[in-house]
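The following features are taken from TrEMBL:
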type	residues	note
DOMAIN	5-202	domain 'Lon proteolytic'
ACT_SITE	SER97	active site
ACT_SITE	LYS140	active site
Amino acid sequence: METDGEIVGQINGLSVIEYPGTPVCFGEPSRISCLVQFGDGEVVDVERKNELAGNLHGKGMMISEACLAGILDLPSQLPFSASLVFEQSYGEIDGDSASLAIFSVLISALADLPLPQNIAITGTIDQFGLVHAVGGVNDKIEGFFTICQRRGLTGKQGVIIPATTIQQLSLSNDVVEAVKNEQFFIYPVEDIYQTASILFDRDLLEEKEDYAKDKEPISRLIQKRIAFRSETPKKGWLDFFKS
């Protein structure tokens, strides 16, 4: 996984690995990728399709899709299909704590906007875009911090967490010192709008009439891409043989 640079359609999610029957657990970052192409609007959850994800994960996936379509006022039939993968994940996953990360990587792929790889994210969302608490937040933060620390802290790395979990934080001394010294950051968020502002440094929805060209709101970029794809004629493979 990457902890530096920017990539379109790739985000660092946060999960917790538990050993049944023991008190041992630790945080593990997960690389989540999304690819979009011409299609009929279907979002394929590769983990779910291969029976590597549980019902709660499936619920979070559907909420992310509903939130995306509702808040961005997207057409019911997008000219795209998307595939979502938890890369190099070979065990079963469950829970909806990745729904904020899934929402973010979807809009990155749809708007063709890069995501910062120095920030990891956890949180569950509802259909209105509000971010809610998740479990294991301390382990998740420390898991990503450990990787960043071993690779070298840059002063730009950090994690996005639900604001409602702030009172749960009980972090190691290393993390606390790094945060105090502004070598590592913790960003508490209440909704998807704050999340988009941190990840993309631009508004999610249009809030004013004029924007600089490099600060166009995400919703406008997605609508432009949808319009372009809708107007572009699709070609089948037989078209290449026609003179």
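Cβ coordinates are placed from backbone N, Cα and C, and glycine is handled just like the others.
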For SER97 (active site), the number of other Cβ atoms found within 10 Å of its own Cβ: 26
Sequence-distant neighbours of LYS140 (active site) in its chain (C-beta under 8 A, six or more apart): LEU14, SER15, VAL16, GLY27, ALA120, THR122, VAL134, VAL159, ILE161
